[in-house]
């Protein structure tokens with residue numbers, strides 16, 4: 001009887017020491033069903049699944065929802081005195097991307113890498129060339145920590161605002177009625193700085209969201225603005241079977257109730273043959289008015305919502321967790337107490353890299369899942385335009401060939417100008433496949449600030465959290481090795497390093513036996529005491545002590561086993 005690979009791989013004795021990588025190709029799910037891993041996470045250790053609502057459970061349709069927000073913000077600006085001509089602008093989804101930085105001094109939209117190096121710079125609709133950029137940023141670099149000047153437009157809600165800033169700067173720079181200045185524009189004796197304009201836009205956006213008609217118009221036509229996924233009840237019900245599920249949203253109860261009712265307004269329950277269930281039944285805890293990111297710090301008073309009126313009941317809620325109660329405010333500490341969970345027991349799923357992901361990880365140690373809707377298009381370009389990526393690799397090979405037989409004694413200077421021009425052209429074509437500002441994650445070979453934040457703070461990420469449906473709850477999401485250039489560009493072949501070729505070859509940490517006392521005495525110039533230290537040398541670990549992956553650590557399992565043994569005694 002033959003044994004399948006699946007059976008053999010579950011028996012430590014049958015595991016092969018090594019294998020030809022072509023003999024057993026690693027299984028990967030379809031790209032659009034994948035969950036991508038920055039830090040290893042064992043799903044069986046997760047006891048609570050937490051969700052944000054806006055752009056997570058409720059995905060707003062693009063560009064319809066951004067267009068609505070854009071139009072309402074423009075109307076608000078015109079109502080406070082901005083020119084009527086602005087009403088002619090229409091939201092263009094091909095221009096903005098998330099993660100751009102607005103320079104409130106010069107009015108520029110800037111795409112930067114993790115260190116503040118400028119990748120793309122646009123003044124209005126004008127994409128600035130290198131010389132133009134260097135006139136305002138001599139080193140093509142910005143100080144990102146200067147938050148008074150530089151504002152990061154990181155969220156999906158920022159997309160209409162990003163495009164509106166470009167529209168305004170372009171309008172006031174090119175309209176004949178206004179005189180353009182380096183830091184703003186003039187209308188006769190009136191001067192408006194880009195900083196003041198930016199603050200007006202920020203105030204208008206806040207007004208539209210909190211006092212205006214954005215939510216009202218969204219609710220009036222939910223099919224137009226909100227994506228409904230029939231798989232949502234199924235995933236939440238499966239999560240209910242293995243742990244607790246909670247909702248934490250900054251939205252108020254009335255809006256939350258209308259959105260969630262629409263999402264679960266299906267003719268069936270979790271399965272096609274099951275009866276319909278109200279949305280509240282899928283959650284062990286529902287919390288509105290969270291005021292994230294404040295929620296992950298000191299928080300606010302925990303109140304109870306009267307679900308009949310939507311108003312808050314007086315007094316602070318001090319009771320235990322009760323199914324069906326809707327809470328308002330509170331903090332992540334209070335939530336953990338109600339759920340009986342600690343930091344790493346919780347997987348929190350959200351779209352806001354600062355309000356949801358960064359703060360929940362840094363302040364509470366929650367495991368994090370970032371929803372990135374743009375990832376669907378990024379993957380499409382990555383696969384559909386593979387010929388462009390392959391051409392860039394070929395150009396790298398051509399470049400290496402030109403320098404192949406040259407060293408520091410060579411006077412020959414190969415003409416690489418044609419290859420450089422081609423690299424720039426292919427890179428530009430590749431960037432334009434994503435949109436005018438290029439990819440959300442990179443510009444050419446360099447990763448963006450947004451990409452670095454995703455890698456730093458999100459344990460998992462995907463285009464949609466629904467992709468968790470395609471993984472068992474016992475799954476180990478194991479992070480791939482992050483290779484440095486000396487690892488990714490050097491093949492796994494034995495290389496002999498001779499001391500004559502490289503004096504650095506003597507810096508070998510494993511070949512010499514430093515435990516030889518004679519070797520040590522030979523190098524000592526001071527006298528040796530007859531009284532010896534308890535340990536002359538460190539001992540090589542005989543067991544696995546180095547924590548390579550966050551969820552590879554077996555200490556927690558050992559502690560749980562010890563606790564179970566104590567309880568049995």
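Glycine is treated like the rest: Cβ placed from N, Cα and C.
Since this is a predicted model, take the numbers as computed values, not measurements.
Feature annotation from Swiss-Prot assigns IMP binding site to 52, 54, 202, 206, 215, 249, 250, 251, 292; the stated evidence is similarity to another entry. What Swiss-Prot lists as active site, nucleophile is 52. The Mg(2+) binding site annotation in Swiss-Prot covers 52, 54, 351. Feature annotation from Swiss-Prot assigns region 'Disordered' to 530-569. Look at Swiss-Prot and you will find 548-569 tagged as region 'Required for tetramer assembly'.
Positions of the features from Swiss-Prot, shown on the structure.
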{"residue": "52", "record": "IMP binding site", "CB count, 10 Å": "26"}
{"residue": "54", "record": "Mg(2+) binding site", "CB count, 10 Å": "20"}
{"residue": "202", "record": "IMP binding site", "CB count, 10 Å": "15"}
{"residue": "215", "record": "IMP binding site", "CB count, 10 Å": "17"}
{"residue": "250", "record": "IMP binding site", "CB count, 10 Å": "19"}
{"residue": "292", "record": "IMP binding site", "CB count, 10 Å": "20"}
{"residue": "351", "record": "Mg(2+) binding site", "CB count, 10 Å": "23"}
Cβ-centroid neighbourhood (8 Å) of the Mg(2+) site, 52, 54, 351 excluded: 53, 55, 56, 57, 58, 249, 350, 352, 356, 371
Distance [Cα-Cα, Å, rounded] between residue 52 (IMP binding site) and residue 351 (Mg(2+) binding site): 8
Mean of the pLDDT scores, which run from 0 to 100, over the region 'Required for tetramer assembly' (548-569): 52
Assigned element (helix, strand, coil) containing residue 351 (Mg(2+) binding site), judged by DSSP: coil
Inter-residue C-alpha distance, residue 250 (IMP binding site) and residue 54 (Mg(2+) binding site) (nearest angstrom): 9
